[in-house]
Amino acid sequence: SNRPMPLNIYQFKNMIQCTVPSRSWWDFADYGCYCGRGGSGTPVDDLDRCCQVHDNCYNQAQEITGCRPKWKTYTYECSQGTLTCKGRNNACAATVCDCDRLAAICFAGAPYNDNNYNIDLKARCQ
């Protein structure tokens, strides 16, 4: 499917590059049961748990009328590895920005296990 990438994903990607400059953001695009495409089963490790929390955060953001987290752009700043969501965001943007900010910080603190990249979702994420 050649759909455009949701706008917010670019911002989330840049946030990840702010907190984890040593890794490609692609390393997080298909990891465990929750990072990227998945969303079921038990998280395989702490990093995968970061993504589960991020998914849940987006689900909560969707409760805000008209809020579509994957498409919502927001205002933020990256300074020396520190992320700040800026005050110009409305309720939806502020919530989504915080979801992404907390996930990017979570990624920076979680060990990366190469064995959990591109796993078999059917086998391991029931």
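The backbone N, Cα and C atoms fix where each Cβ goes, and this holds for glycine too.
Not measured: the values here are computed from a predicted model.
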If you consult Swiss-Prot, the disulfide counterpart of Cys78 among Cys18, Cys125 turns out to be Cys18
Bonded to Cys97 via a disulfide in Swiss-Prot, from among Cys85, Cys106, Cys125, is Cys85
Going by Swiss-Prot, the cysteine from Cys57, Cys67, Cys106, Cys125 that pairs with Cys99 in a disulfide is Cys57
From Cys67, Cys125, the residue that Swiss-Prot pairs with Cys92 through a disulfide is Cys67
Reduced DSSP state (H/G/I helix, E/B strand, rest coil) at His54 (active site) is helix
